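Copied from TrEMBL, the annotated features are:
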type: COMPBIAS; residues: 528-539; note: compositional bias 'Basic and acidic residues'
type: DOMAIN; residues: 24-508; note: domain 'Major facilitator superfamily (MFS) profile'
type: REGION; residues: 510-539; note: region 'Disordered'
type: TRANSMEM; residues: 20-49; note: transmembrane segment
type: TRANSMEM; residues: 69-88; note: transmembrane segment
type: TRANSMEM; residues: 100-119; note: transmembrane segment
type: TRANSMEM; residues: 163-190; note: transmembrane segment
type: TRANSMEM; residues: 213-232; note: transmembrane segment
type: TRANSMEM; residues: 350-367; note: transmembrane segment
type: TRANSMEM; residues: 373-392; note: transmembrane segment
type: TRANSMEM; residues: 404-423; note: transmembrane segment
type: TRANSMEM; residues: 443-464; note: transmembrane segment
type: TRANSMEM; residues: 485-504; note: transmembrane segment
Amino acid sequence: MGREQLQVLSALDAAKTQWYHFTAIVIAGMGFFTDAYDLFCVSLVTKLLGRIYYHHDGAAKPGTLPPNVSAAVNGVAFCGTLAGQLFFGWLGDKLGRKKVYGMTLMVMVICSVASGLSFSDKPKAVMATLCFFRFWLGFGIGGDYPLSATIMSEYANKKTRGAFIAAVFAMQGFGILAGGMVAIIISAAFKNAFPAPAYEDGAVASTVPQADYVWRLIVMFGALPAALTYYWRMKMPETARYTALVAKNAKQAASDMSKVLQVEIEAEQEKIERISVAKGNDFGLFSKEFLHRHGLHLLGTTSTWFLLDIAFYSQNLFQKDIFSAIGWIPPAKTMNALEEVYRIARAQTLIALCSTVPGYWFTVFFIDKIGRFAIQLMGFFFMTVFMFALAIPYNHWTHKDNRIGFVIMYSLTFFFANFGPNATTFVVPAEIFPARLRSTCHGISAAAGKAGAIVGAFGFLYAAQSKDPTKTDAGYPAGIGVKNSLIVLGCVNALGMLFTLLVPESNGRSLEEMSKENEEEDNQTVEMRTHAENRTVPV
């Protein structure tokens, strides 16, 4: 049976879209902006680091990072993010969203700057300090996942909640574009100021000493937008749902939301106390009650995010083949170091502009119209279809005449990842769990996703190597080949469709309805106000 909703929560659910909703999107989205910026830049930076620190005299091709170093530079941020999601997710439910929110941002700002300030000029020292600070940068970014999603879901109204949470996540698209633009501007400026010959014309001269500043500036710039939003994060009041349902402070919740919504809201301390003593509203994460009510939901959100990220992060594997295929990026030896950064940044920005960014905004516009479940199922379905369409006739796509078709199919796969499970797996865990466990459960789901990202980025880096040991990339063992890797990814996406069936639809329903926080046990005595007189009757 339903229980009366608190007035402060009803006011939030029914609120019209206002200016504070948009400021909340920007403030909450800055973590994702930094996240995407950092992940995007590191692929450019690793090419440059290889040329600067791993140059071998007399080699036919420019230096590249050895496989273990490359895996470490890329992988430590993922490991940090996974740890941050679990730790800050738990902390957000213990201390409150707002208190923890400033911490994650400061960690991100400090570590973004520090990762560009490596000590010494020896390759080992530079890589060790870069990896150390990238781990902690990932740790801060990880905390932003559960906190941003939870804060936005608890601030939003019932009608457009999905769009608001998806818009926070869509800030990643702007982070990718900003990363591309910053890299293009810095590399172009240095390229014009310090001209250099191509690698084949002068191996040592092709990498000017000033190139060492380029990667540092690109990496450190990510701290700027995050630092700018710190003040506004500190000014944001704690969410009413945390203050009322977890901290049980009705007066504070009503006062905070009266200012935000600019309406008078009554503090209902007695009602909060009734809700908090009601049976079934005090179970913990490891209780039978949680397993009974939300066990399958948590399995659904963790498994779908895990499977999605395997496919989503393995895209990095095929990016270099695709760029070479379209002829956007000539062979490395025909360019100098800064020219290579410029060309790759330009190509990646174009791909992001054409397929990644539009997918995010399609989700924002449609999520409250067709629902989370439909978008997620459709996204996994089309990702499966396109992966198999790329994999089964793979040899057909490798012919020069068919390469443009390959690029279009590849772009569509990632359009449907973003207009599909990449956005919905982020939105749903912030809506379906009780307020006192919401941030923790979102953190667990997101950490499962990052585990999938580690499998996608590294498992498939090895798996996609040629079966012929003579044709593998330097330092890698023979794998199962690109064709078989794509077939495996198609199966992963099909499994994602299956696990989506465990995820409930939360479209148009209040958070308390979804988490059953305003439900009574049927056999309990409920206090009910009758319309005729103000007395309580047992039901």
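Keep in mind that glycine also has a Cβ here, set from the backbone N, Cα and C atoms.
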Review point. Is it true that the transmembrane segment (485-504) and the transmembrane segment (373-392) have 3 or more Cβ pairs under 8 Å, skipping pairs fewer than 6 apart in sequence?
Key: yes
Review point. Hey, which bits of the same chain come close to the transmembrane segment (404-423), Cβ under 8 Å, at least six residues off its ends?
Key: 166, 169-170, 173, 304-305, 308, 311-312, 315, 318, 322, 325-326, 351, 354-356, 358-360, 362-364, 366-367, 375-376, 378-380, 382-383, 386-387, 389-390, 397-398, 496, 500
**Study point:** Feature contact check the transmembrane segment (100-119) with the transmembrane segment (163-190), CB under 8 Å, 3 or more pairs
**Key:** no
